[in-house]
Ligand SMILES: [Fe+2]
């Protein structure tokens, strides 16, 4: 890597969804208009539209690119068959199952496989042809995309590296994206991925429908969660390089390639509000319960791609970051539940607080619409022990995430038949035994809790005292018909 391409040498523009402009050469942007008869430096003007021309102003996305040669200058596209078995945007014939699913870490290929060849579709819904729905992929790679770029006409890629930092070159500039960060490459943007650590693994949420946006904050107020200023857009960078270059174009899940005689990263200047961007998940400001009860995981939403139904996403990107947990009288891990939304989870590092075993970095799990799930047996037993009431910090080296979607996923055959699928996943809940005791009373429960904390002084107003008072009140009501 040249010094000018070192991660610390890259420059970014801060903010989310802003109108930005960037020049790699002074005065490369036309003054006062988008498309003059001749552009500065003899550049070609080219617009990239991320929404229909007539989309409402608040949603309208487009950028103007000023480049050495226009992107139309290429040989005809031809179908590219190499990854057809692993990449798809057609889920009409996908596998449907209500079972809980989990995969152990996906293997990094031993042979030379780049980011595009290493894309492996797990599941999805809807279709790229109707620009509705999504796909979820895993990528594993061991090689750079040498003189090759990808443009995805099907939608936006939200890339979540889990292993190995990525050097992402785009028409808008270059980004360094390490595990713990994400980047979004929006529909149609040409980009190329180099591996800074020689190998890489991660997850991709592809949205066919809308673009990602920040979630509304409601009563939280105007700050918190993912703050807009922490999203970074690359600055203009170009190379004027003659070479045998391959442009790969993805359309309805199929790949096509075209040859051209120059690098596509020849944009000297650009302006607009349709750009790639990155975000450091360590900058996420979590909001959580400070008294009791476990909030819904939506409190950790980083980005959302809305559906036409208010408050309901085609897909949300949610993280479970390191944080203090202080809720008392509370079962602190995620509660047992069944959800109208389907949940795909991955683990970037560490140990997720709902699964003591089996959910590993680089692996994944999927719980579809109304499929019951929750903490495994070991986690439940630990979280209901008395000592679990202490204020704690979830391990600082743990970072899990979830793609949560309203559209029930259909799985690819390759995902269902993958050698790393965990066919014994269901057994992590089999040990959940009945604790039902029909003779239970509040005072007995409190006495048991006190005995479990034997040796500790029970202060006035303690759970034992409160339980005894409550029990007396209940017994008094039972003695009086209708509670009178
Ligand atoms: Fe869940």
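For all residues, glycine too, the Cβ spot is worked out from N, Cα and C.
Per TrEMBL, domain 'Homogentisate 1,2-dioxygenase N-terminal' is recorded for 11-281.
The domain 'Homogentisate 1,2-dioxygenase C-terminal' feature in TrEMBL is assigned to 283-436.
What TrEMBL lists as active site, proton acceptor is 294. With a 10 A radius on its CB, residue 294 (active site, proton acceptor) counts 16 other CB atoms from all the protein chains.
As annotated by TrEMBL, Fe cation binding site applies to 337, 343, 373. Taking the Cβ of residue 373 (Fe cation binding site) as centre and 10 Å as the limit, one finds 22 other Cβ atoms among all the protein chains shown.
Positions annotated as homogentisate binding site by TrEMBL: 352, 373. A sphere of 10 angstroms centred on the C-beta of residue 352 (homogentisate binding site) encloses 25 other C-beta atoms. Under DSSP, residue 352 (homogentisate binding site) is assigned to coil, being neither helix nor strand in the three-state scheme.
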Inset, instruction - Check the recorded positions 294, 343, 352 for any whose Cβ is under 6 angstroms from an atom of ligand 1, and report them in sequence order. - result: 343
Legend entry - Distance [Cα-Cα, Å, rounded] between residue 337 (Fe cation binding site) and residue 294 (active site, proton acceptor): 12
Inset, instruction - Based on DSSP, name the secondary structure state of residue 294 (active site, proton acceptor): helix, strand or coil. - result: coil
Inset, instruction - Tell me, roughly as an integer, the mean pLDDT over the domain 'Homogentisate 1,2-dioxygenase N-terminal' (11-281). - result: 96
Legend entry - Cβ neighbours within the same chain of residue 343 (Fe cation binding site) - under 8 Å, at least six residues apart: 365, 366, 367, 373, 402, 403, 404
